[in-house]
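The next block holds one structure in the form of structure tokens; read it before the comments.
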């Protein structure tokens, strides 16, 4: 029984897809356990970029099984489009499995997402308007439609009529918006269900059978710990649990079967949308990092907010996700800076604190306390070991590991697979 969970430790966009793709080479099953098509991940293979939103990164290994678990909310329209995209690129999807217990995102979820966001005015949380939150709301309210329901014509029709009647009352009475028509949704989405039917199964059986047989299973999270609905910067969070604990709920695999948790982070910090960001940069250094790091959302295209590495955030993520190994990405983006900074603590009303406050009001008053390190001017994109790095870059990597309190297993100096360097195999000693 061998399993590894990959989680983002910041606000998403840490390079989880790249690391999952890298670790997939030694895995036999790769599974997603939460989120939806609001999260994008980019994989570079032979200098060609592939952008995915729903399908696990492991799909590019045709001999390995890729799983969309029950904790994922699936937009069938987006999924069919993504399948067509992969087929057009010559990628087989015969190795894909989709949980029959996963919930479905429908047009009324997306419409409600937009209406709710617009109604917030200046208090918007920066949702991607993909219907993720409303779909999870329906799931919690026990009125959601699951993949198993989508495949049954009569069941789907009955539940769609009930849900649509309720949502239309909401649209008309509360938001003064036009209702949606049953006929505009039913046939289209039922057909999407038929197109994905070949992939649908009880994925908890596949995952547990694989683990019981001693196979290596890799779990791929979406977003990041700081976007977790319980442990993140609430309410500026997603509607699911990206933390490692979300694996057990979102995949149907018990906690006793999880061996290691790899936390993925960048050598700096970024986030999309609104919400607290203590180390955010508003100067030329921030602009430089954004442009060199190509910090624009995979899903939205929005410019990401960027800032210095925050070890307070990272220690919070380590604690709530039980991180055992760290993968440090995008070190190359910091090349050329005279000085690099790491936030080691916060100043809250004149008092030094080492924890991440839950209160948004306290976070607004938190000022980062920085440790400054000398930068490096060398191009490090061809470095293939820690010893290859310039001394200052090497010291930066080591200091990050010390402050977070987790050993660094891999570090990357660019987007390519060959630019990911192993310091310690996460598959060993399990």
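Placed from the backbone N, Cα and C atoms, the Cβ positions cover glycine too.
According to DSSP, residue 13 (active site, proton acceptor) sits in a coil region rather than a helix or strand. A 10 Å cutoff on Cβ-Cβ distances gives residue 13 (active site, proton acceptor) a total of 28 other Cβ atoms nearby, all chains included. The active site, proton acceptor feature in Swiss-Prot is assigned to 13; the stated evidence is sequence analysis.
Residues annotated as active site, proton donor in Swiss-Prot: 41. Neighbours of residue 41 (active site, proton donor), defined as other CB atoms within 10 A of its CB across all chains, total 27. The DSSP secondary structure for residue 41 (active site, proton donor) is strand.
Per Swiss-Prot, GTP binding site is recorded for 12-18, 40-42, 304, 330-332, 412-414. In this view, residue 40 (IMP binding site) is surrounded by 19 other Cβ atoms within 10 Å of its Cβ, with every protein chain counted.
The IMP binding site feature in Swiss-Prot is assigned to 13, 14, 15, 16, 38, 39, 40, 41, 128, 142, 223, 238, 302; the stated evidence is sequence analysis.
The annotation Mg(2+) binding site is assigned in Swiss-Prot to 13, 40.
According to Swiss-Prot, the feature substrate binding site maps to 298, 299, 300, 301, 302, 303, 304, an assignment based on sequence analysis. Sequence-distant contacts of residue 300 (substrate binding site), defined by Cβ-Cβ distance under 8 angstroms and a gap of at least six in the same chain, are 128, 272.
Neighbour counts of Cβ atoms within 10 Å were taken for the binding-site residues 18, 302, 304; the minimum is at 302.
Here the CA atom of residue 13 (active site, proton acceptor) lies 12 Å from the CA atom of residue 302 (IMP binding site). Between the binding-site residues 12, 301, the minimum number of other C-beta atoms within 10 Å of a residue's C-beta occurs at 301.
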